[in-house]
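Asker: Not my notes, these are from Swiss-Prot:
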- 1-55: domain '2Fe-2S ferredoxin-type' (DOMAIN)
- CYS4, CYS7, CYS39: [2Fe-2S] cluster binding site (BINDING)
- 58-198: domain 'FAD-binding FR-type' (DOMAIN)
- 201-303: region 'Catalytic' (REGION)
Amino acid sequence: GGSCGQCRVKVKSGGGDILPTELDHISKGEAREGERLSCQVSVKVDMDIELPEEIFGVKKWECEVISNDNKATFIKELKMAIPNGEVVPFRAGGYIQIEAPAHHVKYSDYDIPEEYRGDWQHFGFFDVESKVDEDTIRAYSMANCPEEAGIIMLNVRIATPPPRDLSLPAGKMSSYIFSLKAGDKVTISGPFGEFFAKETDNEMVFVGGGAGMAPMRSHIFDQLNRLDTKRKVSFWYGARSKREMFYVEDFDMLAKENENFEWHVALSDPQPEDNWEGYTGFIHNVILENYLGNHEAPEDCEY
């Protein structure tokens, strides 16, 4: 507990002192105002707490899997249909919680395209099994934007055991999600979120890598397609090799159609067959060396 920082409440009385596990997510100023992580607060006396207003708009839906396709070696795009007549009123940058029942999943049963199977075989991942005896809930950011209605789309990276010790447990939820097929039913709840764009004219700089693509795509599509923003927007994305890049055509099209948008990719381990002539290295270093380091006012940007 205390690792995701998503269960913030304001404790007005009765919560005791803030714990060290909470300080990675709550500043000293916020702590003085009573901000706490509810999962870390022991209820020993009567308490007075204040919950975020959006919590009371949370609902559950039983969705149906439309598709569950690999977008990279270890990342799937899970696309689910919302029940007819229903709406998940989320904002770009928001997230839902997804539920997994107790399950026994064999990685050898996964539908992994041939182009990605080499790494799975190399690391021995097809020998892995995930056995979970209880219901599990995890949070994932939406990759679709609100305008892409009727669906919930997630980018999920599988949490495999480390190759050096495949006897260690695999990620409970990601192992389950990778087993889903079209037509399967999945229960979600939401919407939740705090990672929302501010209503300013400031430049927007998006930085992400891997499955961190999801909220970036949601925000950027929302800004450019729905809001038709005139703010300067750039996206800096990190991937291991060219094979791990996805949504390339989408972002190329956005850059072509919007003169205020540009996007850049850095590969940390480009392969010879990639014939890569773009940025190399880790994306946080690349953006510092090639953009923010020479930016006239990086502190004014919205990240």
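If you go along the chain as it appears here, the first residue is 1 and each next one adds 1.
Keep in mind that glycine also has a Cβ here, set from the backbone N, Cα and C atoms.
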Asker: Note the Cβ centroid of CYS4, CYS7, CYS39, the recorded [2Fe-2S] cluster site, then list each other residue of that chain whose Cβ lies within 8 Å of it, in sequence.
Answerer: GLY1, GLY2, SER3, GLY5, GLN6, LEU37, SER38, GLN40
Asker: Between the binding-site residues CYS4, CYS7, CYS39, where is the Cβ count within 10 Å the lowest?
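Answerer: Comparing Cβ neighbour counts within 10 Å for the binding-site residues CYS4, CYS7, CYS39 gives CYS4.
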Asker: DSSP helix, strand and coil counts for the domain '2Fe-2S ferredoxin-type' (1-55)?
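Answerer: Going through the domain '2Fe-2S ferredoxin-type' (1-55) residue by residue, I get 14 helix, 12 strand, 29 coil.
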Asker: DSSP says what for the domain 'FAD-binding FR-type' (58-198): how many helix, strand, coil residues?
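Answerer: Here the numbers are 23 helix, 57 strand, 61 coil.
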Asker: Averaged over the whole of the domain '2Fe-2S ferredoxin-type' (1-55), what is the pLDDT?
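Answerer: Averaged over the domain '2Fe-2S ferredoxin-type' (1-55), the predicted model reaches a pLDDT of 89.
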Asker: Which residue counts does DSSP yield for the region 'Catalytic' (201-303) in the helix, strand and coil classes, in that order?
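Answerer: So the counts come to 47 helix, 23 strand, 33 coil.
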